[in-house]
């Protein structure tokens, strides 16, 4: 919610992007058993491109995921089959998938599909 | 005297319902016919249906709703709904649909009632443990509402029978528990042009989505999940646990969606598919997600680039679709050699002989709290799993056993004998115990309980 940190006056650094990342359907167990995380990510990826969802996924793997079983979240460099990604409660396929540019205060939800019944 | 008469009465009732089920099953199988395609459910079966005075009273409270009305009630009575799986989802869904006055309710499930089902599968009963679930369900439903035509199928839904069975219905409820059968239901429903009300649940969470609705317009299961999840990521209620009312809620919501589809004409919100998430412990327990539409290149409902990938009646009937293989086959871990495993009976002898050893129980702490073998050390499997692929894996595993003597044999036990094998392999590779006398106890505490080697032990 509050003010962002890390802004810099001269444009060499960019204001980080603040967003909510949420996990459901059991994925939260890979992220310290916490369903919702308010995080800040750099506004640009290492190649100076604006942070998109592909970069966010990579960032989460490197920085937020304590569990070592990366394959339960990412497989062959993509979100593993069976996980849905929602951008502000809308299927990411309607928003450009990995290419979607992260905005301040976005909510990105990762849902693992359940099969029990 | 009275008690024995009652018992006999009960036994006879049970027998009657079984025979009725068999009879209905036979009639149903001889009278099937294929239809090429079918219009949406609320358009079919224009045949005249009438409500008896008793039915006017019975359904009055829902008929006075403008969303239902007499037309809606007639649509319900004309409709034919198939419920695949009469477990945690299927039980409440079947009860509400039967209560609402669905004309024909087909129920398919190969399983029998177990007492571990009863905390959530609420239309079965303690007295019907051991009976086919389909028979048990229909016994309850007929008592609730004698008007619907109940069609039992005491068999699994397979590539051999799915087209034949689903051809008889206008709507299918997917109340199953494995992705392989969910893909099968989807593919056949797309071919038959019927909508699917799909739900699932695990632990404290549930998911609900209506697919192929209206048929040919809304996305299908494969549009949303084109690739099956890796085997290791699929967890069932038996392993992961499930809260009864959570799965019940999802089943009740399936009944709501089914009634909406059957009674609403024309179908509203064409082209917009939503998925409802329920998380009992989430900050906002209900969430509605806007899902993608149909995929033009979907192998089930679209036109794939490579035309031979298109799923057709022929590819299913011809046995070219192996759903189990598509979803990665059956889970059953086999990572150890025979001489690295001992039976529960062999371990009992070790225990009785008084030989110094370490018994390592790798179940989760909650499960260990339910029951445990004397003198066992509990380190959950997930703690081993979390160390996998780490450079320091061996060192960290060694440090877990810092305080344990290293000169005695180690026996590893879990719930079913899968996780324990993996931990045995990890312990050996890390070289925690220099002489590597590390053994897996086959079948875990479940086998320990079932075999009765140590007298009474709870099975959960």
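Using the three backbone atoms N, Cα and C, a Cβ is placed for every residue, glycine included.
What TrEMBL says about a protein is an automatic prediction, not a curated fact.
B:88 is the residue from B:72, B:88, B:206 that TrEMBL records in the ATP site together with B:109, B:116, B:117, B:118, B:119, B:120, B:133, B:177, B:178. Of the listed segments B:81-108, B:137-164, TrEMBL assigns transmembrane segment to B:81-108.
Taking the Cα of residue B:118 (ATP binding site) as the reference point, the closest of the recorded positions B:220, B:223, B:237, B:298, B:414 is B:237. Residue B:116 (ATP binding site) is surrounded by 13 other CB atoms, counting those within 10 A of its CB over all protein chains shown. Counting every protein chain shown, the Cβ of residue B:298 (Zn(2+) binding site) has 21 other Cβ atoms within 10 Å.
Contacting chain A by the Cβ rule (under 8 Å between Cβ atoms), the recorded positions B:88, B:118, B:177, B:220, B:237, B:414 reduce to B:88, B:177, B:237. Around the Cβ of residue B:301 (Zn(2+) binding site), a 10 Å sphere holds 26 further Cβ atoms from the protein chains shown.
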